[in-house]
Structures are given as C-alpha cells and as structure tokens.
Amino acid sequence: MFRLLSSCCSCLRTTEETRRNVTIPIIGLNNSGKTVLVEAFQKLLPSKTDHCMKSELTTLLLDEYELSIYDLNGDLKGREAWPNYYAQAHGLVFVLDSSDIRRMQEVKIILTHLLSDKRVAGKPILILANKQDKKKALMPCDIIDYLLLKKLVKENKCPCRVEPCSAIRNLERRNHQPIVEGLRWLLAVIDTCQLPPTSSISISKNNTGSGERCSSHSFSTRTGMSKEKRQHLEQCSIEAKPLKSILQKEGTRLWSKKNMSVTFALDEPMKEGECSRRMRAQNTTKLCYN
C-alpha cells in the first residue's frame, strides 16, 4: 500500500513538473460576457486561483497545460492595455456578443487592428461567439462574412476557430463544454506552433445555450441570415455599409449556408453547387488557406 501511494504521489509530482505554461489573454468589447466565460472556465476546470480575490489573472489546469488566463477590460480605457499582453501571449481568446448587431462594425475594426499587430500575427485565436441564446444572435458563418475573417486570417496567417456559445450563470456544466473544447483546440494549435503555420478558420458544429433555438438539431439545420436580418444588420452598422457590397468588394464569396458542414479552400475556384455538396459530406466547418 505504501509503495502504491508513493507511486501515485510521484506521478502527480511528475505531472505538475511537466505541465506546459501557456498565457492566454481573453479580450473583447465590454458587455460581451468575458467575465462570465472566465467564471465558467473556473467551474469546469481545476483552478489554482483564490476565487475570493478579485484579479484579472486566473490559473487553470487543462490536460498537460497550466493556463494563465487574463480577463482584460473591454472598455475604451481598458483596450489601451491590451497590447501589453500580446508579446507574451501564446494564443488569444476574443469574445463577442453575437446579438449586439450595432457593435459588429466596432468589432471588425478592433479585430483588424488586433490580427495585423506584429506581436499577434501568426498566433492562433479562438473567437467565442457568445449569447447565442438571444433571439437576434447571428450565426457564426454570418459573423465570419461580416467581419471579413477569411481575408484577415489569410493575410496574417492566424489559425482561427469560431465557437458558438452562451455563457450564462448557473447554466448546467454540460452546456458549457464546447468552450472547453474550443480551448483544447487553441492549445493543440499552440502546441504545433513550431511547425510552418497554416492559416484557417474553423467553426465548431457544437452549440451551447438554453432553449429550443440553441439545441444541436436547430443549430445544424438553420439556413443562415435571412434577407430581413441582413437588412437589419446593414441598418444597425455604425458605418451603415451594405453587407453584400462590402463582401463583394473584398472578394469574399457569398454562399447559402444550409448547415454547419462545409469544407473548401478559398484559393481554388468553387463551382456552382460544390459548396452544398460538401456541406452534406463533411462534419466540421473549416476554411483553409495554403
């Protein structure tokens, strides 16, 4: 028995010593739900942080990693401090409010500056499309279109994953699991950063939230942004630029999204009907750039 206990203690000590330290700032506009997401991480994962002490730093344990999570303020003054964390960051988490259509233009400007920063370029970024439980929340594919993420990712060689989620206090643990899977994706990419980077956007087919609208079935069968919602987005945008014109100007192809299953390379010309065939054939959405 003593020998068995000694062996277990030795294994635990070895695990602690071999954990890789990873620094991940969590950023986004104010009221996007960053703090609630950090609280969800603390409930789902072992933590070394004293929850009674208010601090921007949270230390979490996930698999063989020890994560230093920085919850940074998203107001105008707080954003001035973001660049101080870029150099030491191994990857970033960007949280946005999927239902706050009026601020999408602001999010686009911030993401453009973020990904083009030399201290960020090439590093993976996990985008948490939060508040999917809200009635007017945009789907991840529509968010990618409007923010021109494909163009940004290709230009800056930043692997990117869009994870739909609904960070709600007192929500069941199982409904928060996709954000942990998104975090695992981020760590997996960080672990392979020594390899030549390949820039991509992937959309998780998982969905979290509450209510019928956010069930896995309803999420996989929604057809994308309706004409009315697209018009509403154009009207609510700060610069009020037509969405279709913006995308065509940037050379982004518009397509009908019948579900979340599509894989294609943008460097190759797409034939008519090709997208819908691939949507039926694949299980994961991933946009790859070579």
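Cβ from N, Cα, C; glycine included.
Keep in mind that this is a model prediction, so the values were computed, not measured.
Over in Swiss-Prot, the protein carries these features:
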BINDING   28-35, 71-75, 130-133  GTP binding site
REGION    204-226  region 'Disordered'
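Between the listed binding-site residues, namely ASN31, GLN132, the fewest other CB atoms within 10 angstroms of a CB are found at ASN31.
Most Cβ neighbours within 10 Å among the binding-site residues GLY28, LEU72: this distinction goes to GLY28. If you draw a 10 Å sphere around the CB of LYS34 (GTP binding site), it holds 24 other CB atoms from the protein chains shown. Counting Cβ atoms from all protein chains shown, ASP75 (GTP binding site) has 10 others lying within 10 Å of its own Cβ.
GLY28 (GTP binding site) falls within a strand segment according to DSSP.
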